[in-house]
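Structure first, then comments.
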Amino acid sequence: MSFDLVLFGGTGDLAWRKLLPGLLQAHRHGTLPPGGRIIGVARDAMADEEYRALIGKRLADVEADKRPSEEEFARFAQLLHYQRMDLTQPADYALLRERLAERSAKVVVMYLATAPQLFTTACEQLGAAGLATPQTRVVLEKPLGHDLASNRAINAAVRRVFREEQIFRIDHYLGKPSVQNLLALRFGNALFEPWWRRETIASVEITIAEQLGVEQRGHFYDRTGALRDMVQNHALQLLCAIAMEPPINASADAIRDEKLKVLRSLTPWTPESLAQGVVRGQYGTGQVAGRQVAAYREEPGVAADSRTETFVALRTGISNWRWAGVPFYIRTGKRLASREGHIAIHLRPTPHAIYRTPLVCGANRLVIHLQPRDGLALHLFAAANEPRGGPPGAHSGEAPALTPVALDLDFDQRFGAERVGAYERLLLDAIDGRLNLFVRADEQEAAWQWVEPIMQSWAAQDARGEGPRPYAAGSWGPGAASALVARDGNTWVEEC
Ligand code: BG6
């Protein structure tokens, strides 16, 4: 199947950090359909050869295991082409049309890795230039919009040009092998379902911690912040994977229907829950991985008096039969103590204790490790091998102490670390037309609808002169985040 993949934003950060390495991996794995072209699009004038050289130089900077050898890159580079184009100029779309008319590919994927402000114009102009044919698919990077209204406006504009099944809204977390595994764990095993509910589960924690700061994206990030960058999309998609009902089959719409129900059941915010259940923070200077780093406000592209959040922790719930009363905590931030993504399912303690377990985290928990390691650990308690029939007190009626142990499964070790990466999978899915791991418009709208009251409450705080809480780079965020879970008698998993 021949394809043309047009990468708008072809010289941008995302293209060389994620998209081109993903495509290179697919090429390496032999999964990229043969006879394809990858056409980078950006504003500068450049010949194909210059683009290949530029990408070759950039790919030399990626992590060692993803870096291509010279011959490997030379083979991959034959797929790379370049088209100069200013997306705001209607006349420039004719240049792309000519380029695509050089041959008739079976599938044309338009990947908009550009600022979201350009999505509407780009789709309208693709339509006007006759480039939205039944063979065309459009991939839209997140965040899609800035709030509910702008999200709706973009979705409406895109749908005037493309049918829903041609629209691939990307959330790269859905492409991660660890997230695929989460669904497999829940819906491919009978073991979990009976206790996957409020009667057994006390709370759920979702943490996506990064050590990175805003890197070269200060300008973008300062207008976006952690709520729009991570919570509205990645964290809520993880929450859906944990909380959704079993879908009737593995089709895109069956899965999306169930996720949508979760998003619509998120407990609505009240002034009290906003005040007590949401913490926003912004990093100051500090040590991350042994290196002194600058404060957020000193990063290039960031306003010196910025109130943009680089950290969010929140407590919510899901108002349905399965989850009523179970707190769901979400926490994400930049410049935190370690790079760590996990979902911790904390179980209720035994109904009657004849043993002593630790005071903190003294009940079972299942931790699904998303990154950097991909695996899962079931934390249990066992009787240590005590001589003479048990620990002191065992005979006097005092509860004997148990020792924490873990059943630990490492998927990288089990399946090999060379697994299909998120962008590699999602790019192949877009070329093949598989929508399962892409987000439907109604899911996105429900997620925006739920985060909007948080944005509004922060705007009101800003007006009162109350900004985000400072935290030291290299810490776990503002102390208020620990207080948030402590109010329910809980702790974040690193404190266990
Ligand atoms: C992106 C955000 O969607 O996800 C970035 O825009 C963030 O700010 C990144 O760094 C995190 O992705 P990952 O896969 O490294 O956890």
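Even glycines carry a Cβ here, placed using N, Cα and C.
Caution: TrEMBL annotation is automatic and unverified by curators.
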Where TrEMBL shows His172, Lys176, Asp229, Lys334 binding substrate, which of Glu199, Glu205, Glu210, Glu309 is named for the same site?
Glu210
Look up Lys176 (substrate binding site) in the DSSP assignment and report helix, strand or coil.
coil
Taking ligand 1 as the reference, state which of the binding-site residues Arg43, Leu87, Asp229 have a Cβ closer than 6 Å to one of its atoms.
Asp229
Other CB atoms within 10 A, centred on Lys334 (substrate binding site):
26
For the binding-site residues Arg43, His172, Lys176, work out the Cβ neighbour count at 10 Å and name the residue with the minimum.
Arg43
Using all protein chains in view, find how many other C-beta atoms are within 10 Å of the C-beta of Asp86 (NADP(+) binding site).
13
What residues, ordered by sequence, lie under 8 A Cβ-to-Cβ from Asp229 (substrate binding site) and sit at least six positions away in the same chain?
Pro143, Tyr221
To the nearest whole angstrom, state the Cα distance for the pair Asp86 (NADP(+) binding site) and His172 (substrate binding site).
26
Least buried by Cβ count (within 10 Å) of the recorded positions Lys142, His234:
Lys142
